[in-house]
Every structure is written in structure tokens, then in C-alpha cells.
Amino acid sequence: TTTAPSVYPLVPGCSDTSGSSVTLGCLVKGYFPEPVTVKWNYGALSSGVRTVSSVLQSGFYSLSSLVTVPSSTWPSQTVICNVAHPASKTELIKRIEPRIPKPSTPPGSSCPPGNILGGPSVFIFPPKPKDALMISLTPKVTCVVVDVSEDDPDVHVSWFVDNKEVHTAWTQPREAQYNSTFRVVSALPIQHQDWMRGKEFKCKVNNKALPAPIERTISKPKGRAQTPQVYTIPPPREQMSKKKVSLTCLVTNFFSEAISVEWERNGELEQDYKNTPPILDSDGTYFLYSKLTVDTDSWLQGEIFTCSVVHEALHNHHTQKNLSRSPELELNETCAEAQDGELDGLWTTITIFISLFLLSVCYSASVTLFKVKWIFSSVVQVKQTAIPDYRNMIGQGA
């Protein structure tokens, strides 16, 4: 029977956080069948990750994933464990937070005893880049509350813009989850200019299971915006024998990482594409790849596909690059095939020429040798005939 996993954060004790780095983890337990995938910060955190092989016990699988981060970045920066179980269509997110201490600490002890985990977790998400940059759309900042228990299901969410409370947010009814908890989503519509100018948005969550309200704050990342470079890459010739081909869009050299990449076909939005998360490059900018899968026939018929990019540093925040099977591409492929054929023919000609040349040399050498031998024999015979027999002549004179 298909069973969704439960996810538990693995948090170090206070004595394990004094070094230059700290190891955090996620325990994914009680799922069937395999596989599950575990990512950190939606794939943005990839270095220092170790995943322990899954173990089958009592008919269910378990595995753990660990990530090592600098102590200076946690808990000041968010670390999230993302778990996906395709078989049950389950996607879970777990924020790795410090342990919640009990009120009392023994005298002379630097660590509170009996640290416990519990209560809801709260995440805040920025508006989608396309929503924040296109005037025709409405950007929203979203607060997600997870692990709300059945015993204390009531959640109250308050919103603040630059520390001034606002009342324009809407909160959805709580949703039951696979692990017998609830999820609550609250969204705050915002003004484009407020986000672009760096205003600070905060959600404050109250719940009886929390010892104190949880606050999460977000604003537009600071830093000088850098314009992305967009390149489209046609499918390789080797794919043409298959039913589907892959079109690629490389977007590089951009900052900030907030970006939207979509595909269109003849002006209509496509769905069958996948984007990598923005990846931090060595120079501090970001890059990503986007892959669109299409029928080979559509590509061969010359349909026009468009990689559409939205980013704050672009003129009018938007750019497009078209990709289609062009006559030049066909000519290049034809020329390449012709060149391959010509090379094959050339090698055949060269082989025949070398063979004939060697045969000719052997024949000429044989004929020359025969002629030399014949001439030498003739010369010897002539010399023998021309030399007088002096002994006979002397005998006759006597």
C-alpha cells in the first residue's frame, strides 16, 4: 500500500554548534514504495550534502539526509528540507530550527536540559518574479504555517509593512495533511513599487502550541542588479531519430536570483518544460538552464519556440529569444552529412590509389630487375665471343 513519509528535523545540541560548521539533517520515515527525493533550500543548497541509503524495516522505508553549513549562517539564515514522494504525490517542507528550550536552566550549565522540538513551523515566501515585475499582475507575499496539531488547530496570522500593521491579507482555511497535521496559508497582496523599493514585509503567527509568536520577515534582496544573458540551443542531430527532442535555454550572468523563465510555442504558453533553480556562479552572479521537450515532428516542421525571461535588470523587465529549425541549420546539417560522405569517398579513393601505386612500384621493380638481368647476361656473352684465344694463336705460330 502506498504510504506517504513523515519528516523529522535533526538538530544538533548546543554543544555541537560551537565550531566553524554545523550539521543539520532530515529524517524521512515510514514511506512506501521508494523513492523519495530530498533537497535543501529547494536545491539551492547542494554542497556539503550527504544522504544515507534507505533502510526497509517492517514494510516501510526510512532514510536521512544531512547538510553541513557554516555556523555563521545557521540559525540566522533559513535552512529548509524539501521532501518529495512521487508515489503518494506528497511534497513536504521542514524548516530546520534551533531546539526550543524549557524555561529553566540548571545552575552552572550552558545548555538548557531536555530541549524539545514542537509546535508549528512558519515560512515566508517572496512574490513570484513575474508578478512583481509585470504591472498587469498582482504580487503577493505568502506566509505558510505547517505542523499545526489537531489539538491546537487555530492559527492567527498578522501582517506588517515596515512594522506598520496592515489588514489586506487573506488567509485560507486550514488544510489537512498526510501526517495528521494542518497547513495554513496566508497571502498579502502588495504594491509593485513597495517590493522594488525594498520595503520590509513581516508575518506574525500565533498558536497555542507556541511558547511565543513566530515572526518571519522578507524583503527584496539587496545588491546591484545585473542583466541576464539569454542563449537558445537547438536539439542535437542525434535526437532526431527519437519521438521527442529537447530545446535548451541558458540564462547566465544575472543578479538577483529572482527570475522567471517560460517557454512559448507560436505565441502560446508551453507546459512541458523544466527549469533548474538559479545556481550561484563563482563571480557572485547566477545562471540556470531551462529545457523544453517537444515532438520531433513539431521541430522539423519549423514551428517557432520562444524562451521568455523576466528579470528586474532587463529593459522593460522582459526579453525573448526565438528558436526554430532554420534553413541555415538545415544547410549546415546537409553540408555536414555531405562532408561526411565526401570524406568516406575520399578515404576510399586514397586507399585504392595507394594500393595501385604499390602494385605499380612492385611491377616496375620486377620488370626493371628482369631487364637488368637480361642485359647483364647479354654483355657477358658478347665479351666472351670478342676475346681471342691467344693460346691457340701461340700454338699455331710454333
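Just so it is clear, glycine is given a Cβ too, placed from its N, Cα and C backbone atoms.
These come from Swiss-Prot:
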type	residues	note
CARBOHYD	Asn179	N-linked glycosylation site
CARBOHYD	Asn322	N-linked glycosylation site
CARBOHYD	Asn332	N-linked glycosylation site
REGION	1-97	region 'CH1'
REGION	98-113	region 'Hinge'
REGION	114-223	region 'CH2'
REGION	224-327	region 'CH3'
TOPO_DOM	371-398	topological domain 'Cytoplasmic'
TRANSMEM	350-370	transmembrane segment
Taking the Cβ of Asn322 (N-linked glycosylation site) as the reference point, list residues of the same chain whose Cβ is under 8 angstroms away and which are at least six residues distant in sequence. Thr232, Ile304, Phe305, Thr306
Asn322 (N-linked glycosylation site) falls, by three-state DSSP, under strand
Average model confidence [pLDDT] within the region 'CH3' (224-327): 93
